[in-house]
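For reference, TrEMBL has these:
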BINDING   A:CYS84, A:CYS89, A:CYS125, A:CYS129  [2Fe-2S] cluster binding site
Amino acid sequence: MNQLLQKYPEEVQQILAKYPPEFKRSAVMPLLYLAQREANYVPRQALQDIAEILEISTTDVASIVGFYTLYYDEPGGRYRIQVCTDLPCALRGADRFLQELCERLGIEEGGTTPDGLFTVEAVKCLAACHRAPVFQVQGDGEIVYHENQSVELAMAWIEEVRARVAAKEDRS
Amino acid sequence: MTTTPHLLLRHREIANLDQLEVYLQHGGFEAFKKVVTQMQPAQVIDEVKASGLRGRGGAGFPTGIKWSFLPNNLWPHYVVCNADESEPGTFKDREILEGNPFQLLEGVMIASYAVQANLAYIYLRGEFWQIAHRLDEKIAELEKAGFLGENLFGTPYSLQLRTHLGAGAYICGEETALLESLEGKLGQPRLRPPFPAVVGLYGKPTVINNVETLTNLPLILEKGAAWYKSMGTERSPGVKIFSLSGCVNRPGNYELPLGTTFRELIYTHGGGVPEGRQVRGIMPAGASSAIISITEDRLLDTPMDYESVAAIGSQLGSASVIVLDDSVDFAWLVSKTVNFFKHESCGKCTPCREGTFWMNRLAQRIINGRATPEDISLLETVANQIAGKCLCALGEFSVMAVTTGIRQFRSDFEHHVNGSGSTATGG
């Protein structure tokens, strides 16, 4: 039973259609994004599902997860807040921003808030050097940029998300 | 001198240029239609050769010549647009992709016709998730409007475009690593030769061009090579987007003719350095630059073209100009760049994998005040053992700031060794 194929039949076909049929291995990266959409990490079962769809080994699929930084093989926060701390951003206070944000959330860098909602981590260049401090948020199957940030702006967004999640849980 | 109106960042003057109807109102896809209906592929290649356009991704290789390497007895041909922009200090392609996407797409389409590719991929870094989804919508619009698909404009020529998202790996900007990644493998560079022009995507002849390079094409084909050559310098013709960052008052992208001086970029356009500060160093090609030490004021008058920047011991690269003023600790700076390359090393070749690891440990030890004076020389030695020994340019890039930093700013390193062991900070 291929759970990924069963869950996203149309998406899988759309992804496969992007590449010549004899080179369908090319679809491994988009399929991993698809597998990661729901839980913000790639569940073990998905490695097998993808391997089966592409007719490659599970090890091959797992090696892609290990090599590329935007895939995760274990759960983290529902939203990953990823702050660029490379040179141009650091010259505009990115290290300090990251440290203060972690302090405000009461976590270590790389840690996750007790409510399981946010993981905060340093990442490499995001191509937004002129709008530092900058972070991207990986979650809900998307990656969204937040530029020209301050700790206050970031905290305001975090509280907004917390309120939104709480409201959703109340309804369900 | 500035290029007003802009040629590449045209969205700065034209509102909603990312909408197809607006792009069409401003002459959009006329150049593509002209090449497909009126020009032979070889004529397109000749025109681009004559324009002197050089690759804007960093290497500066003449674009038309790169195209002419594709053999005509091996098919199919592929075109791949490199939108993996990941060099610390570079953010120009992103602005094109967001603000003027159709001009890029038209450029990809012109390049595809020139080498008779029927399928082209745009490889975007994974972080450009939103951009990729918008591009997919725009490609669908172009299919609907008849600019992509079968028998374009009633000719036998057919073309399809596809996007492909990477997933966070700087190395995939290296063109053979990009191809590996696009084929669904680890993004690790291939041994060359053979070059991608002969054995590229899926083992077939492939052209790989940077976003900015391709965005020049519609204008070159519309207005001609002579017009394009009237801008910039003789050997570096045309305009360039300079990504300005670091210690400047107005960081951002500035589209200027090649050959514009550092002084004009930093002071006229970038608003200068913070008050009371002076430019102490410049990294003209992002984190992979050889650092230019501004020991004399006249160095700021160096024209930013491929030859002039090389003549003062650095390289223009992708023109990602990081300005460093006299508040910056260059030992800290080197620890930052080395940490980047250590993280991004793909691990395939030993000098880079091991060398960046050890350079990172040494640089960290220095700025944490735990190093001995010999550690500075050791760091230099490790760098020299990496240089010239790697499979691709990443290894070379990783030592640039180290060797030029220690050579020109040695006192910054010695300060940590002889000092109180204080932890360095920047900015």
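Cβ coordinates come from backbone N, Cα and C, glycine included.
Predicted automatically and left uncurated, TrEMBL annotations should be read as such.
Fair warning: this is a prediction, and the values are worked out from it, not measured in the lab.
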### Query
Using DSSP, would you call A:CYS125 ([2Fe-2S] cluster binding site) helix, strand or coil?
coil
### Summary
By a 10 Å Cβ neighbour count, the lowest-scoring of the binding-site residues A:CYS84, A:CYS129 is A:CYS84
### Query
Tell me which residues of the chain lie with their Cβ under 8 angstroms from that of A:CYS89 ([2Fe-2S] cluster binding site), as long as they are six or more apart in sequence?
A:CYS125, A:LEU126, A:ALA128, A:CYS129, A:ALA132, A:PRO133, A:VAL134
